[in-house]
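S.K.: Shown below is the structure under consideration.
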Amino acid sequence: MNANELTIADARDALAKGELSAVDLTMACLTAIDAGTPLNAFVHATPEIALDQARAADARRGAGAGALNGIPLGIKDLFCTRGVASQAASNILKGFKPEYESTVTSKLFEAGAVMLGKLNMDEFAMGSSNETSCYGDAVNPWKVDDRRLTPGGSSGGSAAAVAADLCLAATGTDTGGSIRQPAAFTGIVGIKPTYGRVSRWGIVAFASSLDQAGPMTKSVRDAAILLGAMAGHDPKDSTSADIPVPDFEAALTGDIRGRKIGIPREYRMEGMPAEIEALWARGREMLADAGAEIVDISLPHTKYALPAYYVIAPAEASSNLARYDGVRYGHRARLGQGDGIVDMYEKTRAEGFGKEVQRRVMIGTYVLSAGFYDAYYNRARKVRALIKRDFDEAFAAGVDAILTPATPSSAFGLGEMADADPVAMYLNDVFTVTVNLAGLPGISVPVGLDAKGLPLGLQLIGRPWDEAGLLNHAHVLERAAGFVEKPRKWW
């Protein structure tokens with residue numbers, strides 16, 4: 001086994017015993033990144049920074065070293081990294097190098113992590129297939145015939161890099177499923193924490209009331225380790241919760257006897273593939289065999305989640321993206337003679353934003369306009385409150401976690417849905433958006449392969465602030481499923 005194929009937990013042990021140096025581990029990842037160019041996962045590699053950090057980690061080894069000392073990670077391009085290009089995969093931020101570090105990356109570096117570089121994503125995190133990126137498509141390491149498949153989105157580069165062993169783990173962000181859907185498409189683990197568990201400071205904003213950062217890893221244990229380093233109160237983020245961070249790894253007891261797992265009947269969608277239904281049934285059996293009690297529950301407002309999400313998220317995006325005007329940073333359009341400031345705004349935004357971002361800004365501006373605010377935005381906010389209430393009632397009735405499919409299908413081909421009706425693409429988030437609207441933690445765990453040999457995942461949804469319990473349920477599901485398949489290397 002090459003060092004880059006290790007999990008965080010195994011690498012941590014090997015580093016502690018002196019069987020491996022952080023420099024060797026980092027070099028193995030940098031070699032894999034060079035070989036993995038066809039995946040287009042890393043868009044800004046930072047080998048010099050990585051090796052400097054690895055040497056420092058080796059010097060620190062032993063007492064007092066952080067939980068991630070010497071562990072090489074990939075960072076989604078949405079996180080501001082000081083002095084390193086941070087473009088949110090958009091032409092409008094071309095050449096932008098922040099003068100400050102995001103709270104998440106600061107915490108990772110304090111824990112001793114090594115940054116291998118920045119990862120591909122959908123532009124401004126708007127997309128479900130990593131096809132809206134200014135860097136071009138990220139490619140799923142899993143393949144069927146000669147079709148290039150999507151790794152999912154928006155954290156597609158993160159998912160592809162972890163699944164292909166280019167890094168030990170990666171950061172992602174999740175606004176409507178952008179950690180969990182790509183994790184399911186690539187056979188890895190991805191957790192979206194409770195809204196407010198991880199600081200959003202220094203993460204380029206898409207929809208501020210929905211965005212949440214989280215880890216994308218090779219195992220549930222790794223997710224627990226990485227989340228422990230990322231989480232915590234941050235006075236610089238007013239939505240960050242001042243709640244103690246438990247030892248998530250210590251919570252992985254593997255004992256869920258007597259725990260109640262809810263199965264929401266509304267997630268049985270019309271036209272759902274039989275494979276997804278069968279996988280869901282298998283997941284129920286695995287948790288029941290581990291001693292959990294399986295109960296049917298109702299989340300009656302589920303069917304309104306996607307329409308509400310695609311009003312609220314674009315509305316917040318149109319407000320957040322108003323700051324990109326070519327005045328202070330990023331791209332500025334070349335102006336003609338006689339052009340004024342308004343011409344500069346219009347030309348800069350037309351050149352800098354891709355089609356999907358433009359579409360969502362237009363939708364958002366429309367639903368926030370005076371004539372339509374009550375009909376769309378206010379109504380969507382009311383629906384959001386009802387969706388949250390559905391979950392609150394289920395948890396109040398004693399449910400500890402909720403089991404659902406993660407995605408309505410396995411990974412689809414690049415280009416196959418991009419030209420279709422955008423609504424068809426938006427349906428990829430059908431099982432995940434409710435979790436963001438309610439601010440809950442959710443995790444995707446790989447459980448099996450479909451008939452084509454592509455990975456499928458199940459989602460577990462937890463009580464607010466109970467990532468520890470959620471990770472333990474996911475740990476049980478992961479062990480029972482025994483998913484060890486890896487993509488066959490073609491790159």
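Even glycines carry a Cβ here, placed using N, Cα and C.
Pulled from Swiss-Prot, these are the listed features:
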ACT_SITE  Lys76  active site, charge relay system
ACT_SITE  Ser154  active site, charge relay system
ACT_SITE  Ser178  active site, acyl-ester intermediate
S.K.: Work out how many Å separate Ser178 (active site, acyl-ester intermediate) and Lys76 (active site, charge relay system) at their Cα atoms, rounded off.
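M.R.: The Cα atom of Ser178 (active site, acyl-ester intermediate) is 11 Å away from the Cα atom of Lys76 (active site, charge relay system).
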S.K.: Could you round the CA separation between Ser154 (active site, charge relay system) and Lys76 (active site, charge relay system) to a whole angstrom and send it over?
M.R.: 10
S.K.: Give the number of CB atoms, excluding that of Ser178 (active site, acyl-ester intermediate) itself, located within 10 Å of its CB.
M.R.: 37
S.K.: Specify the count of other C-beta atoms within 10 Å of the C-beta of Lys76 (active site, charge relay system).
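M.R.: So the Cβ neighbour count for Lys76 (active site, charge relay system) comes to 30.
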